[in-house]
């Protein structure tokens, strides 16, 4: 077959050896990446004695599945878990609604000093959190919100500068023709945002969702500042109480807690993954 | 346009409903702190800030007992993690809602609170009440630790002495007699301990076989010379609010001590290196639980959980190393009232309540082995650890209190800054062995002196 007759776009045949090497490299890298996860599961299944064994055992000599129930009696794990879910879900809703609305406005409308406003918004990202702690605390204390979930949740309903920036870039990339067509068909501005812009931004929304959920889920300092009562603690504070310099540290139960606390993140990631792929496919078609 | 207005209304309604819903799980309104005085003058709310650890947050279980005596006082227990304790406290103070009672549960020590003028003098209330901590059962040496210029600024809740924990299985295997718990036994010296440590050490690359005779990462790095009779801070430090006018990190005695401690690891090789200690669980006491360390001095908290270990544990006196007066480091946690407390009288009653013998006994159980300060509860403490001989524990405690001095982190002002310099500069000698003590001493001396000069000039 001459070169001219070779079908265009037909992939070159890779040698088997190259493929095996790449698979082997991928497997090794994957195993290395999974090693901490494996060790976490292994430690979670060990007894109190075995977790202190030197050199440490890789596979537990006896599997202690009861550790997965024990954590609920050792600390108020269920309460902390529920509190974290409650806060993270509401923060997620708040951030998605407010940030997408604000970023839609910044991306779509022409207004005087819009850029100045946007710069002002972005400049809030430069403020370090420690500089905000005391003024925010005074504010929330004056309205009686200390020792409640409100200081953790309500600010998210007023937008997040980082997420607004992220979403604005995405909204700006949408063609104006879509919105013009919607306007001609009599679509209101809110409906344009809700029915046209948001569905097209699912990949960006998925990204925002994962970031927001992850940050809220792992947030330590804000709950420490505002929550006083044990029954209101979120998972990071609740679990930190298991580590005391004055007691033997129950690493097995801490690992059990870590496994449980990873579950919502895994679930969210698997749900959002579909939209990530969708985003990549859409980008590829353009 | 109508539709968009409807949508906007709906969105706002959702927001308002959410806010209302969230408000229902909200906290107290500002100024809800009840300051009304009861007929006996003891009423209102007392906020107690402590750590969110099982050895500290047990107090929530003591409040019903307190309320039997003082039904008009509400104890609100606020807890925070260790690393964020100071930040939480500062935020509460800045928000004009300081806790009424707390302790140096975070990184800042008593003297830092005292020097910032944060502590309330308890003496007037104690005098009016004719309350004598010694008569209640607290040893005078302990009660006086937080007494400055005849004024009590804190009353001791827990008294940890340091103990020398040892692994009885390793001693049995090496056929070495157990070390004594008696501080008055003149034969129990540093050299004797070193001799034991050499016999107990098995240096091997195989971690299965390796054992270490001694792990001496005990006390704060600037405190270690004192045990050998060398001082690093001038004497006025202990009378002027923890502000040393001079330091002696480059004196031959101090250099000699640091070199001796470095030699344990790098010359005598009876102690594990820092990296091995970290691998075994860390310097706070976890390394001892690995079963690889034969002897380790540490605060008495090392006793907690000894019944869960797969080897037998004994406790001994800290041996004599040349300082006939001081051989032990005490870690005494006082309860103090912060200035700005809205209910100092009720707060004072809460402190007194925590020091009662029966309550101290309850504390031992609920906390999982916190030591009492009230010696009337001490018998209960001695019998709390099933694997530890109560007689040994009693002897070690008696000797510890007699020969002990409070940890510097509680008594020296701006301690965290000094500690950081001393730690960073001595690490190459004590942790890595890359420098000798004579090499590092001038830098420690110079930097700490400069820091103190800067602080004193402010």
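Just so it is clear, glycine is given a Cβ too, placed from its N, Cα and C backbone atoms.
A TrEMBL annotation is a machine prediction, not a hand-curated record.
On a predicted model such as this, the values are computed, not experimentally measured, just so you know.
Summarising the annotation, TrEMBL assigns domain 'ABC transmembrane type-1' to A:81-272. Residues or ranges marked as transmembrane segment in TrEMBL: A:20-41, A:80-104, A:116-137, A:149-171, A:192-217, A:249-272.
Sequence-distant neighbours of the transmembrane segment (A:20-41) (same chain, 6+ residues past either end, Cβ-Cβ under 8 Å): 58, 255, 258-259.
Cβ atoms under 8 Å from those of the transmembrane segment (A:80-104) belong to residues 149, 152-154, 156-160, 163-168, 170-171, 193, 197-198, 201, 205, 208-209, 212-213, 216-217, 223, 232-239, 260-261, 264 of the same chain, restricted to positions at least 6 beyond its ends.
Residues 83, 86-87, 90-92, 94-95, 97-104, 106-108, 118, 121-122, 124-125, 136, 140, 197, 201, 203-205, 207-208, 211-212, 216, 219, 222-223, 226-227, 232, 234 of the same chain lie 6+ residues outside the transmembrane segment (A:149-171) yet bring a C-beta within less than 8 angstroms of a C-beta in it. The list of residues near the transmembrane segment (A:192-217) in space but at least 6 beyond its ends in sequence, with Cβ under 8 angstroms from a Cβ of it, reads 84, 87-88, 91-92, 95-96, 99-101, 104, 108, 152, 156, 160, 162-163, 166-167, 170-171, 174, 178-179, 182-183, 235, 261, 264-265, 268-269, 272, 275-276, 278-280, 282.
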